[in-house]
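S.K.: Look at Swiss-Prot and you will find Asp142, Asp262, Asp263 tagged as Mg(2+) binding site. If you look up Swiss-Prot, you'll see 70-311 marked as domain 'Reverse transcriptase'. For 1-59, the entry in Swiss-Prot reads region 'Spacer', with the evidence type similarity to another entry. Per Swiss-Prot, region 'Polymerase/reverse transcriptase domain (RT)' is recorded for 60-401, and the stated evidence type is similarity to another entry. Marked as region 'RnaseH domain (RH)' by Swiss-Prot on the basis of similarity to another entry: 402-556.
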Amino acid sequence: SKRYSPPLNYEKSDFSSPGVRGRITRLDNNGTPPQCLWRSFYNTKPCGSYCIHHIVSSLDDWGPCTVTGDVTIKSPRTPRRITGGVFLVDKNPNNSSESRLVVDFSQFSRGHTRVHWPKFAVPNLQTLANLLSTNLQWLSLDVSAAFYHIPISPAAVPHLLVGSPGLERFTTCLSSSTHNGNDSQLQTMHALCTRHVYSSLLLLFKTYGRKLHLLAHPFIMGFRKLPMGVGLSPFLLAQFTSALASMVRRNFPHCVVFAYMDDLVLGARTSEHLTAIYSHICSVFLDLGIHLNVNKTKWWGNHLHFMGYVITSSGVLPQDKHVKKLSRYLRSVPVNQPLDYKICERLTGILNYVAPFTLCGYAALMPLYHAIASRTAFIFSSLYKSWLLSLYEELWPVVRQRGVVCTVFADATPTGWGIATTCQLLSGTFAFPLPIATAELIAACLARCWTGARLLGTDNSVVLSGKLTSFPWLLACVANWILRGTSFCYVPSALNPADLPSRGLLPVLRPLPRLRLRPQTSRISLWAASPPVSPRRPVRVAWSSPVQTCEPWIPP
């Protein structure tokens, strides 16, 4: 009964009922099946405390090396290659005892035949603050059952084959005739016996028991449910949850619903109101065939945890776990030692997440950006490290914008600046000519310092964008500090009342153009305006779904 499970370059596959797996027998040069690698550990002596022999010897009967069972799928169109590889990753950064299955379909993203994902909108930080920074009661719904369990047609299973190499991926240098007592070949086999492999196999043994023998062999699997990325792209996932949110808004117009990818949040004025809405939504979703996971529903109260942020009525801040991790990493950075730019990339990615909540914003990380762009090593000085620590220890919330009328305008020329308010005109000159974008930024900073206005009118697109990383480093840091919490609205140069003062002319005060700030909500599909509900609904409205939600659908 010694049979060998093939590597991934198989010729013909049979599928069994438990996991739709396929195996064939491969013979060595002598015409006999080679011995199973898993059973070889049973006949050897342990090489140490982390030897796989300890796991293998815990059972006397590991069963045959083949999967038995009735073949449920026989397709003559089975392709002669697998679709992707499969591997395990941690459940989340805080839980390494559980794992989730990840399938590698990256071959479809390479070469001239690669498939591009459609672009989908991502809400920025200011949009989240404007939409969700309210004094409401919140809860998060887990709707993953709606799109993670889409059944696949049996005829399409052979086109999504996935291979697992088992233990033999680690022993590529181990030939098929190495189990004959050769010491050097046994040492090659015992190269698997590491602490990481031993702990992983021990965890799998506690879960699967005797089935671990089959997992140690290469095998080929097919899907019974569509995997993420095949049946549902990120774009379609965002559209799907947006449709669910729009449906909830139409039927419950007195609540707030927001969706991003697989995360859907629901808000109401009181907890009692929220509980009533939640019970109704559960029944409505169940009629649509969507089972909400009640155990994963999280009640947040006034502090909504969404996309890694804590959103309250006072603004948006990052979650404490991100701040603590960032502080720990930043304190462990060595001083006066060159760091590879790849390390700087990972550190900058962590710092970027919290940068909008610091006084200097992204501009404080410009030295790291330059080192990464030039692919050179970066040396942290003690002064720069202590400055970053002081910046990231004091975080300021991103507050929601208010719809107010603009009463302060700023403009500049390469040689001068001008400020116009409802009651005065101010102007000045620079010591030497400056680039126009730099001059406009300085004029906006002066207007903010002298008037304290939270809304400024300007005609420069660079200042309007708020991206100051293209300016000189110290100027960008100071401008971020001064203009923090300041909004901008665009005014054409011909209508800008600060245009003439910036040229050294002080005309008579005239009425200012009436410009009102519209809080930024971005044109995103995630917050699409729902059509109003007709006050007179038709009589014959059936909420019952044609899909059976209690019993599985069996084809005729």
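Every residue, even glycine, has its Cβ placed from backbone N, Cα and C.
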S.K.: Measure from the Cβ of Asp263 (Mg(2+) binding site) and count the other Cβ atoms within 10 Å, all protein chains considered.
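M.R.: Excluding its own Cβ, the number within 10 Å is 16.
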S.K.: List the residues in the vicinity of the Mg(2+) site, defined as same-chain residues other than Asp142, Asp262, Asp263 with C-beta within 8 angstroms of the site's C-beta centre.
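M.R.: Going along the sequence, the neighbours come out as Ser140, Leu141, Val143, Ser144, Thr241, Met261, Leu264.
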S.K.: Mean pLDDT across the region 'Polymerase/reverse transcriptase domain (RT)' (60-401), rounded to an integer, is what?
M.R.: 82
S.K.: If you skip the near sequence neighbours and keep only those at least six away, which residues in the chain come within under 8 angstroms of Asp142 (Mg(2+) binding site), Cβ to Cβ?
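M.R.: In sequence order, Leu292, Asn293, Lys296, Thr297 meet the Cβ cut-off.
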S.K.: Check the DSSP secondary structure of Asp263 (Mg(2+) binding site), expressed as helix, strand or coil.
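M.R.: In three-state terms, Asp263 (Mg(2+) binding site) counts as strand.
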S.K.: If you count Cβ atoms within 10 Å of the Cβ of Asp262 (Mg(2+) binding site), leaving out that atom itself, what do you get?
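M.R.: A 10 Å sphere around the Cβ of Asp262 (Mg(2+) binding site) contains 19 other Cβ atoms.
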